[in-house]
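If you look up TrEMBL, you'll see B:9-64 marked as domain 'RNA polymerase Rpb7-like N-terminal'. What TrEMBL lists as domain 'RNA polymerase III subunit Rpc25' is B:83-206. Residues annotated as compositional bias 'Low complexity' in TrEMBL: B:161-178. Feature annotation from TrEMBL assigns region 'Disordered' to B:161-185.
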Amino acid sequence: MEVKDANAAMLSNYEVYQLLTDLKEQRKDSGKNKHSAGQQNLNTIMYETLKYLSTTPCSRQNPETVKNFLTTMVPHKLTKAEKLQLLNHRPETAVEIQLMVEESEERLSEDQIEELIQKVTDVLPGDPEQEGSAPSNEAEMGEGIDQ
Amino acid sequence: MFVAVEMVDTVRIPPWNFQRQFNEAIAEELNKKLANKVVYQVGLCICLYDITKLEDSYIFPGDGASHTKVHFRYVVFHPFLDEILVGKIKYCSQEGVHVSLGFFDDIVIPPESLQQPAKFDEAEQVWVWEYETDEGAHDLYMDQGEEIRFRVTDEVFLDTSPTGPSAAATDTPAAPGAEDGGQKKEAPYTLLGTISEPGLGLLSWWNS
């Protein structure tokens with residue numbers, strides 16, 4: 001076996017989540033040989049990875065939201081890795097943004113950080129349990145949650 | 001967290017699988033070989049992403065199976081340096097805090113990368129952050145099962161391929177098949193993390 005390119009493309013959590021969910025559907029239909037010894041590894045890793053990813057914001061995303069997110073991020077001039085982390089984690093506080101964006105004190109002013117949080121929480125769907133209020137209030141709740 | 005890795009391999013399809021859809025048989029063989037396995041210097045393989053190219057299949061004398069060179073992309077867990085991840089605390093030991101992501105367990109946050117000052121509580125086997133405020137010191141415990149946000153600082157790949165006969169000669173001949181109590185099971189892929197920055201550590205520390 002030969003590895004041609006160990007870093008051909010970065011994948012968002014959403015893409016992997018989608019791939020695994022589709023694979024699970026496919027395997028459910030085929031039925032008979034999922035439980036053979038050779039398939040156990042695939043079953044284990046699929047189950048565990050899906051379990052982990054379903055607790056992250058990516059489980060509530062769809063291709064539309066990802067595309068909208070990337071379009072809204074264009075004016076902020078963030079690197080690919082930074083945008084990927086924002087997409088995977090959906091940060092809601094300034095402290096989280098500072099962790100994910102390198103040298104954020106130099107590159108972003110406080111207002112820009114607020115703007116970034118606002119855009120992230122608007123475009124990417126949040127956890128309905130956590131937000132706990134009527135959909136009409138969602139735009140205001142994004143900024144002022146006291147937990 | 002995940003990357004697509006381009007690989008090439010020769011896949012052997014035994015004759016009793018010839019009636020299956022070729023691509024499906026290839027995908028199943030590749031997943032059987034790589035899923036949930038660590039490839040040295042690459043990462044933990046999750047599942048097949050897609051097949052990019054199938055070359056001609058050959059049958060060799062003495063073996064009825066077909067051999068095909070396949071170019072494909074595989075989804076691999078390989079966080080980049082300085083990436084932020086969220087996991088659960090598995091347990092604490094003298095070596096640091098052990099974190100798990102469910103599908104990947106070998107993540108360690110060594111004592112020097114914890115929020116300082118930190119001490120190890122021997123009785124409860126748990127690391128504690130002695131957080132100082134004007135009112136006095138608060139002891140923040142890093143309990144098992146708590147969600148923790150950390151930054152990846154380093155990765156260690158170990159080649160766990162079997163060693164040659166010269167190493168085996170030192171093992172006692174009396175227990176060839178039993179578990180070797182002397183040898184520790186080394187993790188092929190370990191991640192080192194840090195939580196010594198504002199925003200890192202238990203999620204509950206920063207949410208209120």
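Glycine residues also receive a Cβ, built from the backbone N, Cα and C atoms like all the rest.
Here the structure is a predicted model, which means the values were calculated and not measured.
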Exercise. Summarise the model's confidence over the domain 'RNA polymerase Rpb7-like N-terminal' (B:9-64) as a mean pLDDT value.
Key: 95
Quiz item: For the domain 'RNA polymerase III subunit Rpc25' (B:83-206), what are the DSSP-based totals of helix, strand and coil residues?
Solution: 11 helix, 55 strand, 58 coil
